[in-house]
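Data first, discussion second: the structure below is written as structure tokens.
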Amino acid sequence: MALLRHLLPVLTVGSAVQSAVLVQDQFQTRCENFAGKIDLPNVKVNFASYIPGSTNLTLDNVPTCDQSQVVSSDICRVAMAVTTSNASEITLEAWFPRDYTGRFLSTGNGGLGGCIQYSDLDYASRLGFATVGANNGHNGTSGEPFYKAPEVLEDFVYRSVHTGIVVGKQLTKLFYDEGFDTSYYLGCSTGGRQGFKLAQDFPGEVDGIIAGAPAINFVGLLSWSAHFYPITGPVGSATYLSLDDWDLVHEEILRQCDGLDGAEDGIIEDPDLCHPNATTLLCSPGATSGSCLTATQVNTVHEVYAPLLSSNSTLIYPRMQPGGEQFAAPAMYNGQPFQYSKDWWRYVVYSDPTWNATKWTIRDAEAALRQNPYNIQTWNADLSPLRDSGSKLLTYHGLQDQLISSDDSKLYYHRLMKTMGVTSNQLDEFYRFFQISGMAHCQDGDGAYGIGNRAETEFSTEPEDNVLMAMVRWVEEGIAPETVRGAKFSDGVGSEVEYYRKHCRYPRRNVYKGPGDYTDETAWECV
């Protein structure tokens, strides 16, 4: 009898193991047989493969896209080509997790790419989402595939993500007997613009959109990116500032503006209050540069922080927010034309691969704005259809963003209120915007940028600390986020968290009230 009592736990454990193996085998078998079950218009399945967690995938990609990706959890990986016109197709992947939560999610892209965001596919599938991602209708990060190829360009503007969602939802229903309960979109930068395109042109296609650092006002953005080269000139010109010079400018901006939020912590909480005066850095007579700037360089700084206006003084794009100079200088003020802008005018605006980007003028911006193919501006300020659909949109923008000015997101917010005739509180019912102090472009930065918008910023999956899960709670429980809590890492994700800070819902801003020091999250208040 005693022997039997000892055997029972063993038998129970063995049965559990056998059951787990059986479930896993069923999932793997379902995956390996899945390709033969897919019969959708315009969809050609390349393969459906079971990928166990911890696998390091080698990706068949062009050199400018990801070459490998560690898969965090067991998935069924489905790769396919989807025809979008007689002259275009997208490469689409769906990652179906074994530990499925009944949620569907589409990822976005970045830059002018061209590249499936495999890290986002892994991040969302690890969290239990059936996840899709596409290559935006072309391969690589260059704009050259747009050259005399309007169908490829149309895929880039909107059709790739929309098609991926339509096909992805069908596949999810086919793969899982229970289908899906809720649907989401997650993207940043170009991915942010794609999220806004969904909101503007396909309201209700997903239940929740997380759209970070959005490249909306897209042609204005590329014009703004292009206009820095005429301001700074090439390396070595009188108007050019070295990286050391920009470090000097950054320290002076902090001296003038850091304390305006109540704490000197190297982070500017509200750039709207900061209007840098670079004349304080002007070299005295006889002084050598290195710890000061020439009058010509001072003028360069002031021009960099001015908005971009058309030839008739109409706003094209707002100013670069001050406070992120150490990130912006190597990317935007490096003495070379900005690559994405150069590609846009060469392969889209003028269809002339020999066009000289160093000759860019405001007239080129105006020509591009008149063109605006497929309304890539993504600047429609009436989101009434999105509101009426019941869908939610959460957007965020880093206040040290070096590639897309956070002022553009604020400009759009105010355009929404004016166009729709609503108050901030009314907008909050379906649209919330969070300024993330100390965050550069979509990730990294000097402050509490760990908000879970991607794997590279994740420290928690609690809704208070993770924008994706905050959206899930908003959609599924009706609890909208009041703040987004970010983590300041000592040395990137996975390192020690130095402090936390709650980022405010716009138009509120963070103010240090004390009594603790600036690392105490309770010492800050949204006002």
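Glycine is no exception: its Cβ is also placed from the backbone N, Cα and C atoms.
Note that the structure is a prediction, hence the values are computed from the model and not measured.
Looking up Cys76 in Swiss-Prot gives a disulphide bond to a cysteine among Cys31, Cys115, Cys188, identified as Cys31. Here Cys274 is paired by Swiss-Prot through a disulfide bond, and of Cys257, Cys292 its partner is Cys257. Candidates considered were Cys115, Cys188, Cys283; Swiss-Prot assigns the disulfide partner of Cys442 as Cys188. You'll find the Cα of Ile267 (Ca(2+) binding site) roughly 13 Å from the Cα of Asp401 (active site, charge relay system). With respect to Ser189 (active site, acyl-ester intermediate), the closest of these recorded positions in Cα terms is Cys442, chosen from Asn56, Asp258, Cys442.
In this view, Asn86 (N-linked glycosylation site) is surrounded by 6 other Cβ atoms within 10 Å of its Cβ, with every protein chain counted. Here Cys76 (disulfide bond) is compared against the recorded positions Asn139, Cys257, Cys274, Asp401, and the shortest C-alpha distance is to Asn139. Within 10 Å of the C-beta of Asn277 (N-linked glycosylation site) we count 12 further C-beta atoms, all protein chains included.
Looking only at the recorded positions Asp258, Asp261, Ala263, Asp265, Asp401, the one with its C-alpha closest to Cys283 (disulfide bond) is Asp258.
Comparing the recorded positions Cys76, Cys188, Ile267, Cys442 by how many other C-beta atoms lie within 10 angstroms of each C-beta, the top residue is Cys188.
The two recorded residues, Cys292 (disulfide bond) and Asp401 (active site, charge relay system), have Cα atoms 25 Å apart.
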